[in-house]
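**Student:** Straight from Swiss-Prot, here's the annotation block:
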BINDING   GLY34, GLY35, ASN36, GLY37, ALA38, GLY39, LYS40, SER41  ATP binding site
COILED    334-418  coiled coil
COILED    444-480  coiled coil
COILED    509-603  coiled coil
REGION    666-783  region 'Flexible hinge'
COILED    835-923  coiled coil
COILED    977-1115  coiled coil
COILED    1209-1266  coiled coil
Amino acid sequence: MIERGKFRSLTLINWNGFFARTFDLDELVTTLSGGNGAGKSTTMAAFVTALIPDLTLLHFRNTTEAGATSGSRDKGLHGKLKAGVCYSMLDTINSRHQRVVVGVRLQQVAGRDRKVDIKPFAIQGLPMSVQPTQLVTETLNERQARVLPLNELKDKLEAMEGVQFKQFNSITDYHSLMFDLGIIARRLRSASDRSKFYRLIEASLYGGISSAITRSLRDYLLPENSGVRKAFQDMEAALRENRMTLEAIRVTQSDRDLFKHLISEATNYVAADYMRHANERRVHLDKALEFRRELHTSRQQLAAEQYKHVDMARELAEHNGAEGDLEADYQAASDHLNLVQTAQRQQEKIERYEADLDELQIRLEEQNEVVAEAIERQEENEARAEAAELEVDELKSQLADYQQALDVQQTRAIQYNQAIAALNRAKELCHLPDLTADSAAEWLETFQAKEQEATEKMLSLEQKMSMAQTAHSQFEQAYQLVVAINGPLARNEAWDVARELLREGVDQRHLAEQVQPLRMRLSELEQRLREQQEAERLLADFCKRQGKNFDIDELEALHQELEARIASLSDSVSNAREERMALRQEQEQLQSRIQSLMQRAPVWLAAQNSLNQLSEQCGEEFTSSQDVTEYLQQLLEREREAIVERDEVGARKNAVDEEIERLSQPGGSEDQRLNALAERFGGVLLSEIYDDVSLEDAPYFSALYGPSRHAIVVPDLSQVTEHLEGLTDCPEDLYLIEGDPQSFDDSVFSVDELEKAVVVKIADRQWRYSRFPEVPLFGRAARESRIESLHAEREVLSERFATLSFDVQKTQRLHQAFSRFIGSHLAVAFESDPEAEIRQLNSRRVELERALSNHENDNQQQRIQFEQAKEGVTALNRILPRLNLLADDSLADRVDEIRERLDEAQEAARFVQQFGNQLAKLEPIVSVLQSDPEQFEQLKEDYAYSQQMQRDARQQAFALTEVVQRRAHFSYSDSAEMLSGNSDLNEKLRERLEQAEAERTRAREALRGHAAQLSQYNQVLASLKSSYDTKKELLNDLQRELQDIGVRADSGAEERARIRRDELHAQLSNNRSRRNQLEKALTFCEAEMDNLTRKLRKLERDYFEMREQVVTAKAGWCAVMRMVKDNVVERRLHRRELAYLSADDLRSMSDKALGALRLAVADNEHLRDVLRMSEDPKRPERKIQFFVAVYQHLRERIRQDIIRTDDPVEAIEQMEIELSRLTEELTSREQKLAISSRSVANIIRKTIQREQNRIRMLNQGLQNVSFGQVNSVRLNVNVRETHAMLLDVLSEQHEQHQDLFNSNRLTFSEALAKLYQRLNPQIDMGQRTPQTIGEELLDYRNYLEMEVEVNRGSDGWLRAESGALSTGEAIGTGMSILVMVVQSWEDESRRLRGKDISPCRLLFLDEAARLDARSIATLFELCERLQMQLIIAAPENISPEKGTTYKLVRKVFQNTEHVHVVGLRGFAPQLPETLPGSDEAPSQES
């Protein structure tokens, strides 16, 4: 059995109180006993410092304030040291019986911070006889010694044979050596690990349950599952690398697209310019020849235009002279027309106003009568209203007087007075002083008869007045008519003048009736006169155009001659037109055919390019479409064979991948069901137990266990029996072996080993012979070896698969190219060359153009002659119908005679028109002018007097009536009769008053209504008089204006004036039109001459420039062609299909490509500079240089190990194939790399279950531990609820969250974190990233919660907390937990360290007096059972029965402080033996 390593001694050099002291450590318990300040804590601090020399962790709490200021950082260490070099060394012996001394050199650093410098070192190979103090001290004399510095110590040890001295610059290296040699239980890789180790030592040193440890028990007790984490990290790294590779492929594909784009645009840019220059060179040659032809033609045209200009200038001068006369005539005719139109408008107004005046005269007379009647009625109404008013006033006065008398009993007196007043008023009005009440009735009858007589007389006068007024109105009307016609005259002359006017009217009316026939006759003669003048003008113009004068008799013969000439020229022109049409038709047919061929040529050229590419790719020549289809069949067969071979290689590669995946399973399980069964049975796979077997031993153990190499090792087979019932989900043969998985050996079988084979005696009658497998798979090393060979095979298969995939894709692309060719170009690829036919047709077209030009020149002369003859015939056709007018000489005299007669008739018509209505009105009433009614005014005065007399008689009668009515008031008999009479009179008065008021109201209403009506009649009358006067005045003004105009406004005058004006306007327009035509033609001719002159100069200049340009371009083109041929790029640039595009299209194509290229080469300085230089249009060879630079740039970027070609175009095609294959392969690899969520859950669950089992095993070691009331200690491990739900979802409901795990944007860790957040939205994740959270969730320790429980007294199991336990119980419980932690660390580190080493176990306990004797005995028992060393510090009253005890006493001797140490080893029957080195230390050298 492997012995456990032990700490032999602790050596302190130059510490406070210890100059050179070595403490031999007991194998179990070492007790440091002494009072306060004896040096117990200093000793333990020295041990801890040598064990963990990390100043960031060291913190000795009981002396922190004593040895350092507030700014100190030594945490209590500075005050424990003396000045100078100090050492703390541990002498150990490990399981291999190797002596190892490890320690630190400490030295105070001067300064206010009181820092301490620490240097760790290790010594190996030191003989057992050499003590640690002998190494670091040098004896000067019997009483003095010197501490050696570290460099002298190094030199001293190097001088000793076999001794190795190592000085460490980092604490990690120091601890790494200590771990490898078995001094510490755990490899401390980082500051975090060192902190955990220090917290453990600190917790044991000061005792109790450390909160720092209990809070992080998972980190102390649960080992980090680095394999699982590494597997996940490797998987994510592989996935990340795979995705990065895929992204790189996408980038490469974009680079490929960029290359493709660069080649395409560079080709378009340069080829378009190249073909444009080629086209322009040919065009320039054609233009030079064309310029020469145009130069000759233009000179001829200029001479013809000069002759034409002279003729038109002469004709223009003639028309300019005639235009002035025509303008004067036209202006006079326009003015005359305006006067006629004005006179007609005036005449129409006069007629309209005369009609209005007649109507107003009638209405005015009617209105006068209406107003007179209204005045009479108004006067009557006024009299009636006045009488009614007087009667009402009288009645009101009587009634008021009567009421007043009645009130004061004087009614009769009042009535009497009223009667007397009425009598007096009647006397006054009637002029009757003797009138009495009795005679009133008689006088009333007299005055009523007088009133009746006055009324009859007034009516008689009114009738006479009406008749006189009518006669007076007729005389005035007739007199006004005579005045209107003849002017002012005396009233007595009206009768004679009126008769003379009526006779003159009859004569004027007869003359007016002849106006229309005379006007028609004049119009006819004037029209003939104008036609005669037009004929004379046409004849003069014709003679001028013909260049000679012709008589009237010669015109008909000349007309026949010209018609004969037209017929002959027409035949010639017609024949020439047919011939020209035939030539043009042939030319159009040729042009159409050429256009058709030019449209077909690019398609044919594209088909030829595609056919040539196919021929180059496959190395075959195709002469017909049948050759193409036959080769396509061969290609399909070849593709089919390559696909079959690729699939076979792919299947083998997949098989290898599956085997690699199967062998890569943790624990060596090839069947996942075995892992589940092992967990279910609480066992371990046999392959997992033998996972560490070496490669050399793998064949032996594989043969030893044979088919049972995949067995499950269980602690007790009897407990598995119940699980086997109904078990179906398992392999066909399931092997179960009973044994302890922690200490399993191969003693299960009886084995005889043969050469390369074993014989296993399973039972007495059953043996099994198994040979060593050639490829063992038992153990991790064997599997890794097999995996390595499989990886090598996979690499070969992958390379072969890649090659075959490349060939298949290349064949498929070739097949696609053939398919595209067949679909797009096969119909035209093998047709005849259209360009050859185009050249033949172009030569024929040139011949036709030459023939057409000659024919046009010949036909031009005939056309000119034909136009001249046709123009002459047209002029004669207008002259010949007017020959009789040309011979009529008296036509002008007849026109003058008729015009004079028409003037007289129009004057009579104007008189009739002006005074015809007045004469018609005057004729029926002319007789009234014989006598003038002068008595009309006297009659009006008599009528007014009669009205006044009638009004006076009516008032007198009314006054007498009132007296008669009051006759009863003149006599009253007595008072009673008076009262009775008064009552009746009152009623009568009231009735009369009501009747009188009603009558007055009616009279007022009638008066008011009639007054309003009279006012309206007067207004209408005034309006009519005003309108009549206004219109009369306007009529007089219009008649005067018409006389002032001096033009006859008959019905035909306007038409004649308009016809005359239009004729002159037509002549003027024709003259102007011809003049404008001549001016325009002359201007055009001059412009044409100027243009021809400029054109001649320009043609001469262009011709010479074009010649020079052709010569210059030839040299540049030769340089371009030489560069193209030298760099072998003519095939790329000379794209014949571009020859059929226009220069603008090619320039646009080049400019678009240039814009794209600027963006494409923006990041490439060389290409950007070359492109910028190539933009010079005068240096086309620079574009070729740019194209060559692009090809060179792409050739340099072709990976020759993958793509074996120099042509970038072919390289891009091969790159596309290779990238497509890589994309497919990496995508499949990513699918294989990705681990499923269920697998993750199973791995974490299995790890949790394994660790729970391990904690249970650790708990078994603590079952018998007791301290005070604590009977037992245990650890509880539970899975957190939130994390358990996460595991359930991962294993059972993972399909609901595939959106996370199938996302390419999320790693598995990030997807896991997102799922955790989705399941637990209430938990705040803080500032942590999903990647960090996911990595934590992949650590199984974060799924567990751990807590310490104690079984204390009657409380049972409860959570271990400092407040619930006594001090001793807390110390004992904490020590038990620390022991468990140390044991857990050893188990965790067993695979990392050599198997022949068992590490040292040592813990501390300061102030152990807090434990009772039973608890201390328990600690001793625990140390013995666990082979653990323990250092205890206690007061003097502690006397352990076992172990080694040191008694420490601090003394001061001669101002020097030192610690006196006495050591005792246990209690025995003999006297205690003094341990070596227990004497007092020598004094320190000053």
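Numbers run from 1 along the shown chain.
The backbone N, Cα and C atoms fix where each Cβ goes, and this holds for glycine too.
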**Student:** Fewest other CB within 10 angstroms, which one of the binding-site residues ASN36, SER41?
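**Tutor:** Taking ASN36, SER41 as the binding-site residues, the minimal 10 Å Cβ count falls on ASN36.
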**Student:** Please work out the helix, strand and coil residue numbers for the region 'Flexible hinge' (666-783) from the DSSP assignment.
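**Tutor:** Split by secondary structure, the region 'Flexible hinge' (666-783) comes out as 44 helix, 26 strand, 48 coil.
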**Student:** On a simple 10 Å Cβ count over all chains shown, which one of the binding-site residues GLY34, GLY35, GLY37, GLY39 is most densely packed?
**Tutor:** GLY39
**Student:** Short question: most Cβ pairs under 8 Å with the coiled coil (334-418), which of 509-603, 835-923, 977-1115?
**Tutor:** 977-1115
**Student:** What other residues of the same chain, not counting GLY34, GLY35, ASN36, GLY37, ALA38, GLY39, LYS40, SER41, have a CB atom within 8 A of the CB centroid of the ATP site?
**Tutor:** THR42, ALA1433, LEU1448, ARG1450
**Student:** Under a three-state reduction of DSSP output, how is SER41 (ATP binding site) classified: helix, strand, or coil?
**Tutor:** helix
**Student:** How does the model score the coiled coil (977-1115) in terms of mean pLDDT?
**Tutor:** 80
**Student:** Which state, by DSSP, holds GLY34 (ATP binding site): helix, strand or coil?
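**Tutor:** The residue in question, GLY34 (ATP binding site), is strand (DSSP, three-state).
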**Student:** Around the Cβ of ALA38 (ATP binding site), how many other Cβ atoms lie within 10 Å? Please give the count over every shown protein chain.
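**Tutor:** Other Cβ atoms found within 10 Å: 23.
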**Student:** When you measure from the Cβ of LYS40 (ATP binding site), which residues in the chain that are at least 6 apart have a Cβ under 8 Å away?
**Tutor:** LEU32, SER33, GLY34, ASP1406, ALA1433, LEU1448
